[in-house]
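Notes for the one structure printed next.
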Amino acid sequence: MHRRCKMPSCKTGIIWDLCFRPDGSQLIVAAGNRVLVYDTNDGSLIQPLKGHKDTVYCVTYAKDGKRFASGSADKSVIIWTSKLEGILKYTHNDAIQCLAYNPVTHQLASCAVSDFGLWSPEQKNVSKHKVNSRITCCSWTNDGQYLALGLYNGLVSIRNKSGEEKVKIERPNAATSPVWSLQWNPSRDEAIDILAVADWGQRLSFYHLSGKQIGKDQSLGYDPTCLNWFSKGEYLVVGGSNKSCALHTKEGVKLGVIGEQASWVWGVAVKPDSNYVAVGCQDGTIAYYQLIFSTVHGLYKDRYAYRDNMTDVIIQHLITEQKVRIKCRNLVKKIAIYRHRLAVQLPDKIVIYELYSDDAADMHYKVKEKINRKFECNLLVVCSQNIILCQDKRLQCYSFQGVKEREWQMESLIRYIKVIGGPSGREGLLVGLKNGQIMKIFVDNAFPIQLLKQNTSVRCLDMSASRTKLAVVDEHSTCLVYDINSKDLLFQEPNANSVAWNTHYEDMLCFSGNGLLNIKASNFPVHQQKLQGFVVGFSGSKIFCLHVYSMSSVDVPQSASMYQYLEKKLFRDAYKVACLGVTDGDWEVLAHEALEGLDFETAKKAFIRIKDLRYLELIHSIEERKKRGENDNMVFLGDVYSYQGKFQEAAKLYKKASVEQKAMNMFTDLRMFEHAKEYIGSGDPLDKKMLITKQADWAKSSNEPKAAAEMYISAGEYCKAIDIIGENGWADMMIDVARKLDKADREALSRAAMHLTKMEQYPFAAEVYSKMGDMKSLIHLHVEAKHWEDAFTLVEKHPEYKEDVYVPYAQWLAENDKFDDAQEAFHKAGLQGEAVKVLEQLTHNAVIESRFNDAGYYFWKLSMQCLDIAKDEPEKRDEMLAKFQDFQRKADMYYAYHSIQRYTDEPFTSHLPEALFNIARYLLHMMQHGIPHGISKVGTLYALAKQSKNLGAYKLARYAYEKLQSLRVPARFQEAVDLGSVMIRSKPFQDSEELLPMCYRCSTTNPLLNNNGNFCINCSQPFVHSFVSFEVLPLVEFVLDSSLTDEEAVQILDLSIPKPKKGERGNWQESRVGQAQTLRLGDDPEEADDEDDPFNTKMMTFDHGDTEFRPVKVSRQHLQTMSRSDVYILKWPKPLRYQFFRSLLPDVTITQCPKCNKLFHTDDFELQYLQKGHCPFCRSSLDD
């Protein structure tokens, strides 16, 4: 600690108190009955302030620097501004003892003998609080919440901002130990508030805010009168009756004396945020000191130990930046570190620590030994088993138990000492003396060895890793390097203040000086860069530098040194330097330089470092070739140049080595075909073809397909050429190539045909297949192109491919809704089952999608398909006929249900109520034999109920509503059904007679719904419906006598004379009886009675109540009496028989669809045909 006094002595009386302005520019002093203000820069008195009439005991400055206060024995407190003007004065009943400003609210606490007051600028009055003992000192906590009062009775009272006591600290021997000074630690880094208390029991104590004591009392040995903390709370200054001012740690450990005085010290103040201390004495002296804390430290390789807060030792690992702190709780005077040992000198002992483990990264130290003796020394060194103390010219070696083992006396003052390693207990020391001698001392040897002597004094020393070279910095700042064995001076460099050899590389050292770092490798010139501080270590690429108080490691790339070695082609030395630390770019340069220098081992290591697999593969291949006996370095160098992109140089080397083929291959791979041609052998056709092929490959990859194709053709690579032409769609070029090809080259021709097909150039493709004679592929081509006629022509010649044509043809027709043609195609292909499957799938889809008219159409198509199968395959006849009947029934039902579904699901309908009524009745009759998938009974009953009610069939409507109540009705119909069910009960329980159907066979009036089926309840004759309005047609079905065939019956009917309709007859009458035909002219004959018609007689041939249906059976004679116009024949294909119907009302015109054999009222059919252009049921046009 260096100190100097700056303030002149004050002769006005005792200095009772002093304080600094917060910015440190002024010192306020309580001297006599005045307040003195000094300038801290030069110690001059700025102004004495007069205002008190008696001795001023205390002064304090507000934290914001706007005002300060003084308290006096005249019982008054004066508030002063920073401009030194008094602005306020208030009084107490007794002399003012102490003052303190709240650091946050700037509230002033003023303490008198028996009370204390709290004043703030916002208050008019000062609130005062009585205390039962004399107040001697006071201090606020950092947060301004609590005020500590030191009392003469030895107690400490802690009050809140309102003056209420919160904690009372009872202290041992309080009655004989008045508290004379206290202050809270101002550090904001501490987790808790710490109060330092000094009493006249000659103790220094520390307390928590809670009143709990921290640690033990520190005995001072004198009566303390004042204490003050440093701004950051790291140190404490105490003054008192010992006429001095002492520096303590924050735990109270005494570090040393700041200044001896001639009288008691009554006041001490620390300048904010600095190391200046002001001291006020009883004799009026004001002393002003600057404290300078010297660096105490030690270094060994990458471990740096230094002193912190005077009592702690911090060990820093310079590589990992890890730090550990050892608390010594006493003044640390010297530090030494070596390998796993650490020695710390305290005022009364030396403590030796060791690492817990041998791990290089371990940072945990434990105490090994303590030497409880006081030592005086200038330098301290530690070894594995000893400590070395240096005092002037003398070196002393002690064991860790404190036994002096050896002593060396030097001729001159020791200026530098360093442990340079060695076996445990036998380490060597390097010692530099003021007279220029450099000695080597072994711990176990009493005789120093002189290494060399120079003329100038030694400042710094270091020895190289192999102990062969010595670097010295002398008093003239010159760095001198010697060979230890020959004692020769190898070289010297100016402007050095410290030097260090690289611990990883023998031939490299660094030295610092003039703000520059100098790195020297071997005998090469020095490389310089800026660096502040002293070099103290050099390890690999890290340089350890001490600047002021901090140690740092600086990464220094060794690039410059590496390049110096590379210039001399010293690749292995350059590699060693690179290992110390260079950039990736430097490694790459080293690798390439070594490769070009054919030092493959070094190049390999360097390429491994930068992970360049390409060059590693090259080196590996060269090494393998060397093992096989190749030793032409020119070829190897050519390979290296080619890898580096120096192609022309590589080619020249290949040519010199007579391996032109390698040059040609290289240029070919590089697509430098013009250069490659220069190295082609003497007209070798294979080389030429290979070159053209590679050139074509390049043209293809460089997006020049036409050029590539032409080159492939010229090289004879037709398949590759055809693929390129095909990818680009050049049809003309493709057919030209195909025409030039021999028909034996089938692979190339088939590729050409395939590409022409993709381009839809079918005629060209057909030409190629014809050239090849590949009929199967040609047929497939026509099928793919949908050229069916050409395909059929070929199939006629080659029937073995029949299935290959007709199956896809049938599928195409089915996809295009040409089902008739599709059936024929499937038949021709012999795949009836496939046809049925297609139709069944279409039917299923139509039902799922609620296209019931389509479903009906598809079922009709299926039924006709079944008929065809039954005709062609007799063994399946019965099964197919059963399916025919089932599919016909489903077709009828789906066709009819389409109208019901549209009525229930869509807002509008094109059908009349009577039609919907008849359709619903028809469906309900049909449902008695099963309901196909998708048809809703609820929808049918709902439509029937509504239309029955509208048309007056109330009985049937009631029946429908009752049935609906027993079924699960969709929510959208539920309300209408419930309402209809109630409302229909208000109607009469009968059906309108107009609606009741009449049987045209027996003239019986039938109910609207027959639970047994859709036939007459009397004669069981089935009703025949018009397939638009579904009204009952006036038709009666009859069957032929067993002696007649269908064809004979048709022939007889065709020969019959048509009967004229009523109103159409003229004055002539034609008739036929047996074999005679007569024509009568003249008066109208009497109308023949219809009852004489033999068919009418036949119709009545049934038994009333007979459960079995007896159809009307007619003979040849009966047929001859019938008019052809009254008979409708449904000509079903084999194996079915024709159906014959007799119209009983010839005036009612009926139309028959020849395709589906459905019967219609002519008006209904014509309307539907005009609207749709085809039969409403089977969708066939009459034109067909």
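Any Cβ shown, glycine's included, is placed from N, Cα and C.
All TrEMBL annotations are machine predictions without curation.
The model shown is predicted, which means the values in this text are computed figures rather than measured ones.
If you look up TrEMBL, you'll see 14-188, 190-292 marked as domain 'IFT122 first beta-propeller'. The repeat 'WD' annotation in TrEMBL covers 49-80. Residues annotated as domain 'IFT122 second beta-propeller' in TrEMBL: 297-551. According to TrEMBL, the domain 'Intraflagellar transport protein 122 homolog TPR' annotation covers 558-938. Annotation comment: TrEMBL describes 1061-1096 as region 'Disordered'. Annotated compositional bias 'Polar residues' per TrEMBL: 1068-1078, in sequence order. TrEMBL lists 1084-1094 with the feature compositional bias 'Acidic residues'.
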(message) Can you tell me which parts of the same chain pack against the repeat 'WD' (49-80), counting only residues 6+ beyond its ends and a CB-CB cutoff under 8 A?
(response) 13-14, 16-23, 28-37, 86-101, 103-104, 106, 108, 110, 112, 117, 119
(request) May I have the DSSP-based helix, strand and coil counts for the residues of the repeat 'WD' (49-80)? (result) 0 helix, 19 strand, 13 coil
(message) Return the average pLDDT for the domain 'IFT122 first beta-propeller' (190-292) as a whole number.
(response) 93
(request) Please spell out the DSSP helix, strand and coil residue counts for the domain 'IFT122 first beta-propeller' (190-292). (result) 0 helix, 57 strand, 46 coil
